[in-house]
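Enquirer: Next up is a structure, given as structure tokens.
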There are 2 protein chains.
Amino acid sequence: MVRSGSASVAAGPTLAVVAREAGVSVPTASKVVNGREDVAPETRRRVTEALDRLGYARRPRFDVAKVPGLVDLVVHSLDTSWSGAVLHGVEAAAHDAGLEVVVSAGAGRTRGGRPERSWLDKLIARGSSGVLFNLAELTSSQYAWLEQHRIPFVMIDPVLEPPPGVVSVGAANWQGGVTATDHLLALGHERIAVVAGHQHTVCGNARVAGYRSALASAGLRHRPEYVRHAGFDESVAHRRMLDLLDLPEPPTAVFVCSDRMALGVYEALAERGLRVPDDVSVIGFGDLPESGWLSPALTTVRQPLSEMAATALRLLVRMMDGERPESTRTELSTRLVPRSSTAPARGTA
Amino acid sequence: MVRSGSASVAAGPTLAVVAREAGVSVPTASKVVNGREDVAPETRRRVTEALDRLGYARRPRFDVAKVPGLVDLVVHSLDTSWSGAVLHGVEAAAHDAGLEVVVSAGAGRTRGGRPERSWLDKLIARGSSGVLFNLAELTSSQYAWLEQHRIPFVMIDPVLEPPPGVVSVGAANWQGGVTATDHLLALGHERIAVVAGHQHTVCGNARVAGYRSALASAGLRHRPEYVRHAGFDESVAHRRMLDLLDLPEPPTAVFVCSDRMALGVYEALAERGLRVPDDVSVIGFGDLPESGWLSPALTTVRQPLSEMAATALRLLVRMMDGERPESTRTELSTRLVPRSSTAPARGTA
């Protein structure tokens, strides 16, 4: 109903129907929907149950005939090229849909050590039509809050597996891990290590699983000592690479699960007087703009961040129209970006 | 009045006073303020004159007691680390002021080759409280439009000199040019070239002027052949650096007026088998996150983008409260960030 500029196609019951069902006045039902505190707990419970039972969908407050709708993008931090790519995709898709984007960096903001909830309160107060979260880890009470206020939301590349029913968009991380490892295998490498991200994240696990699958398909045995977790941190990656080089049989090629960690890997190799790609081949993951600034330029697996963000916006718009996506998880494909940091293994060229 | 959560401290006359002054009805005056088309030209002129004469200031439409105010940030493009730093500064300062930020990439968007005006129309329709423009080149009719609709706005690092009275925030570009050149002089270099940006931009001119001032203070003669303009373009910078290396007396040090152009300069030096900093010292300008990814890491002059953006937001908030800044141009200081791309001139160490 937002896109069409007409408010007449709203799905579901009105607030008046909800109020009647709950046995309360419309202003009281409105208070519950808008997150106001001045409602008795028992009344809040009755209204919430009625909202659930009737499948009430929030309506945007603005005059849709005149003013473009607003959607919210909540990100962890704004000063990364990662968030720039996400914002680029969201803004362009929103523009196409006749929507505007309110940006908050609140997801990671704390006050006195505790996560600040003001961004959520603001979403409720303004009557947000819908929210995109990027790289956010929401608490179960925040999920419940969004659900209670009937605010449609989509996660872009969630760090942890979201609860059942939550809609998310990500990269095909497993396939990307296969792509990276296959590239190194095709160059004749057999001693291939992986500098991985966090062990318990959606993307970290899937990329390493893709690496293992590719090795297994090539008939190579799995060497646990070749898998090092560095938590997506550049300086930890630096130390893990030094550890790998200290092995009796050091790797001739490394799949680094993020471009940022590749920076630390390059430094470790330089410290040991090893050249990229002559001595060790390096492939990254992400294709951040920075990866072209490395010398030699980094071969990597492109993660389509802007496209993921645009897809999430389009899914959100459909949910704002009352639709449910067919699938709660959408994955967009990755692709190899060959540059100068990978070369044939010695003796195979 | 937005920050305080109260609508009672508005400066200047009400719309009713303006309507009386212009001899029209309040709805007609409202139409003019809100950019509606259905007003006779003569009536529009009378209302606009009354608005000017009385110093009418727009009021935000939202209920300030309940809903955080919105300010707009219009940028050229979103997927650069530059815009990320700006957005980071704007969002943090807006959060502190109890405001939220609507982001549009519309300033550079075109439709059929002509600049699209939809972002301006959207600002008017929503009743924007205030706008920040980053790296935007507004046309004179766009300036007039903003003026007519009484929308306060501030330019962040405008490309061209804005018209008189327009408020802007930038870096101390001249001082930054002095800082970069003084650093090379202190290392004993005398043959110092500059790879500059655009000739007719605010920042491009001032940085080169700073370079010249520093040389003059050191008693070195100005060599016109050492000044090459590359329009902030990486591949043009690459060619200009090759030209400099072809001179009978090539430079031993180069001040490159943007970090991005330094990437092209590094490539040109590598092509000629010259090492940074052993053969040629390189200093950039900007301190983009990418500059740390170069090898060797780039010595540069830090331009405080996030701080510039936050300062612009705070100026805008004061203008939304009816104040006028004491100065139309605010410049924030730059500082040297020494890394590994500069070294003493040969024979001086």
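Cβ atoms are placed via backbone N, Cα and C, with glycine included.
Remember, TrEMBL labels are computer predictions, not curated facts.
The feature domain 'HTH lacI-type' is assigned by TrEMBL to B:13-56. The region 'Disordered' annotation in TrEMBL covers B:323-349.
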Enquirer: Pull the DSSP breakdown for the region 'Disordered' (B:323-349) and write it out as helix, strand, coil residue counts.
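Expert: Across the region 'Disordered' (B:323-349), DSSP assigns the residues as follows: 0 helix, 7 strand, 20 coil.
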Enquirer: Note the mean pLDDT of the domain 'HTH lacI-type' (B:13-56), expressed as a whole number.
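Expert: It averages 80.
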Enquirer: How do the residues of the domain 'HTH lacI-type' (B:13-56) split into helix, strand and coil according to DSSP?
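Expert: For that range the per-state counts are 30 helix, 0 strand, 14 coil.
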